[in-house]
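What follows is a set of notes on a single structure, which appears directly below.
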């Protein structure tokens, strides 16, 4: 077998080989559908935004190239800066609440038996609700007059709570809503991570007399690193770009209290139709998300290696 | 250290539908090295987990000396267990891994340090103490896992569940001799689970053969080889395993077809019987005289130091191990004899007698 191979290989003429190579290169045409679809769905829209961001557009026929002017003005705008800090604070709070809570839920979820499907369905339920419906649910639920939650806080707990009037109440409402909506995602990811730990690890911990906390700290938590990296990235990106729910519940108010970057952006782009500033804003926003994700990812994958 | 007694212990994973472990009464004696040998799924790990307390048996009781531990959790039993693959707290250093069981039990710092250093000396881990345990090779990781068991004072027994599965063959030898050394130095009771007969026979003072949730025979390695008490032991131990021929007992004689191969020991009632004889104890001769039975040679495997002769007796295949020098041709007819006292009679897979030589004939 091996002896016959070399002689066969030398037979085809150089011409044939060149033709074969040309034919092989035609395989690149198979990539074409992807290139076209990515161009139309991502590259061209993005380049349109880049195009807007460097022009001052008065009307479709009347536009002026302004260079990086919009970037400068957006970056210096106090309203944008305030929204940036607000959004960053919101994301930080979301991560601080949802990650530990999600892990805690995953730890107490049953590992076997009929409780497993029951717990999975129950936990996954908020994830199945469309985002604007989540907003509507909470908008009504938290109302102090007819909403069950809002009414209970006022009349059972005796706290003065009204998310349409008080900035702090509005913030807490949006935060609690996000925790309710997205902690299940963290819980499911963490649960999958925990399920993948082989039984002998828990058995060894039992034999070594490890407490429940020591078992969590030294066996479960180290093995959740991978899924938690994903959970943190997903939750950061989503919460940093949160739009629908606060838009439905508070509309960004009262005042500017829940006016996150995306809410402000849509106000500039769709409300005022300022395409130039909105384009520059979008690109800076995009850049911020990329940078934070990159930092998170690098830190999370490098530590403890 | 303690004597571990199982009293009528049985276990079922499905509430009594099927029994992974059938009721057994058995004692692990202090300071001995046991091998628990059996095929996959025979209940070895179940038995081990019951001893360590990871499983509570469905039935029966467990005693460590005079203390009943049936309901005591693993931490309260002081058992060391090493699993099939190395289980380490892999973000910790080797030192912290070894110290972990002691710190969990609230030992003072100096005591922890003293014990960790003693065990690391014993296992040859001194130069690795500061390293992250996950950076070690699989063999060393397994040694660290073993060390976590040995670091506690007064360990009742060390249980090893196929600990060398992930270790490469060259390292296996080193580790096995290390284990023997530790057994010699510490005098701990060792229970070594394996499905590899060589591992079991070379390692243990006593081999316990488990099949289908039952202990079918326990004894020294030689005993299991020379006098199997169960057909399964004959098959499972030895390479190739024991030959089994269908025969019958009539008038005190053991017959294969019409030919008598010997007398049945004791007062075995007449009826069908199975004759088990290891290839090592089958002799081939060209002389046709009782108790020889005719066999047709079907093939010969030349193994270097010896030959394995395959033959057909009454339609049954049979293997004989013979000297390499002998010249035999496939298709030729030869006569078989069984070495005295080495051919056994089985009914329902359990040994019920021995083939004894015919009166007045040479064995």
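A Cβ is built for glycine as well, from the same backbone N, Cα and C atoms used for every other residue.
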Of A:67-87, A:88-108, the range TrEMBL labels transmembrane segment: A:88-108
Among ranges A:226-244, A:245-263, whichever one TrEMBL labels transmembrane segment: A:226-244
Stated TrEMBL location of transmembrane segment, expressed as one of A:120-141, A:142-163: A:120-141
A:196-216, A:280-300 - the one TrEMBL records as transmembrane segment: A:280-300
Per Cβ pairs under 8 Å, the stretch of A:88-108, A:170-194, A:226-244 packing most closely against the transmembrane segment (A:120-141): A:170-194
Candidate ranges A:88-108, A:170-194, A:226-244 - greatest C-beta contact count to the transmembrane segment (A:280-300) (under 8 angstroms): A:226-244
Same-chain residues near the transmembrane segment (A:226-244), Cβ under 8 Å, at least 6 residues beyond its ends: 87-88, 90-91, 94-95, 98-99, 102-103, 131-132, 134-135, 174, 178, 182, 185-186, 189-190, 192-193, 260-263, 266, 285, 288-289, 292-293, 296-297, 300-301
Surrounding residues of the transmembrane segment (A:88-108) on its own chain - C-beta under 8 Å, 6+ positions past either end: 123, 171, 174-175, 178-179, 182-191, 193-194, 216, 220-221, 224, 228, 231-232, 235-236, 239-240, 242, 260
